[in-house]
Amino acid sequence: MERIRACLVAVAVLSLCGLAHVRSSASDHRYKAGDEVPLYANKVGPFHNPSETYRYFDFPFCSSAPVKEKKEALGEVLNGDRLVSAPYKLDFLAEKEAETACKRELTKEEVAKFRTAVSKDYYFQMYYDDDLPIWGFLGKVDKEGKADPSEYKYYLFKHLIFEILHNKDRVIEITVQSDPNALVDITEDEPVNVDFMYTVKWKETDTPFEKRMDKYSQSSSLPHHLEIHWFSIINSCVTVLLLTGFLATILMRVLKNDFVKYAHDEESADDQEETGWKYIHGDVFRYPKHKSLFAAALGSGTQLFTLTIFIFVLALVGVFYPYNRGALFTALVVIYALTSGIAGYTAASFYYQLEGTNWVRNLLLTGSLFCGPLFVTFCFLNTVAIAYKATAALPFGTIVVIFLIWALVTSPLLVLGGIAGKNSKAEFQAPCRTTKYPREIPPLPWYRKTLPQMAMAGFLPFSAIYIELYYIFASVWGHRIYTIYSILFIVFIILLIVTAFITVALTYFQLAAEDHEWWWRSLLCGGSTGLFIYAYCLYYYNARSDMSGFMQTSFFFGYMACICYGFFLMLGAIGFHASLFFVRHIYRSIKCE
């Protein structure tokens, strides 16, 4: 068992390190005239529903030669890629003119299947020379001069024209077009004979091989897009400046007055009644209710924060270049597994600082707090994908691999981290002694309750990132390519700063109102931005996208719920740690009896 576990850890580390070398392995692809260049057909699906994709040969395309499946990495399978050998031969520098790939007689059922696909704007995707993507639509709908949908004409494209650019012995670029004059009428449910044909044209270019993927990243760095991205950053910076200005001019002045007042009170009569946040110095460090759950949330949030930082590092060094298939999903799985020890250490260490005793239950809670909802969501959505026979359904072997990574890497590291946290014997540093019995919290107005405070806490951080959110959504749930990771990282840092500042400000106002139950409030207020992001999902789905259908809807809202929940835990941990630092600082600055 130990050997298997060590092997899986090694495989995980090698997979992570190997992400950075994917581009270099592709750079060895040199060909001579007539050499076979691999062309793989990937998937077919409705253009506006990126999650609803099917295997290429689930549709009755041309298949004259035996179909060979390409062995895929874990991330490619998670991405829904199912590569098989394509029916077209695009040998290096070999030009072809209207060559027949195969002839096929479509049955009534196959004609109806193609017509449904054409009516829903189905597209196909292929890859040439491993990582050069090709897209094309299956057909077109003729609506010209026809008001009644029953009069529409449906046509299938049967002739593809491939144009390939090369630089001496290397492939640089490939595009595909459909011959608008080679159409097959599939309006009626009648058998049709189709000659699938293709043309291949080669042209020379001066573009070096190392820059052949640059054209796919240029769309997100066009001047008008960059202008919007920089406007987003300026908007976020203004938010940060206003917030920090608010804290500097109001909060710090109020605190200074508080310190002067409390110092004067200590020099005056001893029986003078205390007010404000000093009044609750004996309760402010009273441990929160459900401390095992609280520590587990901090552990999970810290792990997700570490995961995000590692992903940004890989993105900034260029690992996630466009169409590096599955690199992001591989990185997410591997890094999450390897950082589980951070969750165990953080949760167990803090749980013991709160004088918890049942550390085993705490570790189980930490391990399942994020993975549990994600697993339940995955089971439901994978069942939906199986029912639709979509490529989003994971094969049994992939599920087994993920389970083994969880059982033999994630869980042991979580336990090891928990044991290290338990044995760290760190003490909770409270500047004030906690009284035996808690003070009663005075009646508070409605706007000082938890939900209104969460709404105020989440709005400012969300307003700092919402412009950038559209581009992220359009990339994840659309066909836009996002490559400006440096700007995204700046926005992320701004998000962390705003979250920390707004949580600290609300924590002070809560303590000033003599409400000492700030622990859970700070975590909930910090994480409330995740709720705003999920609310944005509703807006994006209805107003900014053309997604439809049960499968796409369930995938969008299901996985976005998990992502927003992860943001809730991560930002909640950030908000609490900022508030804890602030509370310790102000209570160290006064003399508490």
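FYI, residue positions are counted from 1 along the chain as it appears here.
Keep in mind that glycine also has a Cβ here, set from the backbone N, Cα and C atoms.
Marked as signal peptide by TrEMBL: 1-22. Residues annotated as transmembrane segment in TrEMBL: 228-251, 293-321, 327-351, 363-388, 394-416, 454-473, 485-506, 518-541, 556-583.
Long-range contacts of the transmembrane segment (327-351) within the same chain: residues 9, 12-13, 15-16, 19, 22, 73-75, 78-79, 291-292, 295-296, 298-300, 302-303, 306-307, 310-311, 314, 319-320, 359, 362-363, 365-367, 402, 405-406, 409-411, 413-422, 424, 426, each at least 6 residues beyond the stretch ends and with a Cβ under 8 Å from a Cβ of the stretch.
The stretches the transmembrane segment (228-251) and the transmembrane segment (394-416) do not meet in space: the count of Cβ pairs below 8 angstroms, excluding pairs fewer than 6 apart in sequence, stays at fewer than three. For the transmembrane segment (363-388), same-chain residues at least 6 beyond its ends with a Cβ under 8 Å from one of its own Cβ atoms are 52, 292-293, 295-297, 299-300, 303-304, 340, 343-344, 347-348, 394, 406, 410-411, 414-415, 418, 550-551, 554-555, 558-559, 561-562, 565-566, 569. Contact between the transmembrane segment (556-583) and the transmembrane segment (394-416) does not hold: fewer than three of their C-beta pairs are under 8 Å, each pair 6 or more apart in sequence. Here the transmembrane segment (454-473) has Cβ contacts under 8 Å with residues 220, 225, 228-229, 231-232, 235-236, 239-240, 243, 480, 482, 487-488, 491, 494-495, 498-499, 502-503, 506, 524-526, 528-533, 536-537, 540, 544-545, 571, 575 of the same chain, all six or more residues outside its ends.
The stretch from 394-416, 485-506, 518-541 with the most CB pairs below 8 A to the transmembrane segment (293-321) is 485-506. Only residues 6 or more beyond the boundaries of the transmembrane segment (485-506), in the same chain, are considered here, and those with a CB under 8 A from a CB of the stretch are 229-230, 232-233, 236-237, 239-240, 243-244, 246-247, 251, 308, 312, 315-316, 320, 453, 456-457, 460-461, 464-465, 468, 472, 521-522, 525-526, 529, 571, 574-576, 578-579, 582.
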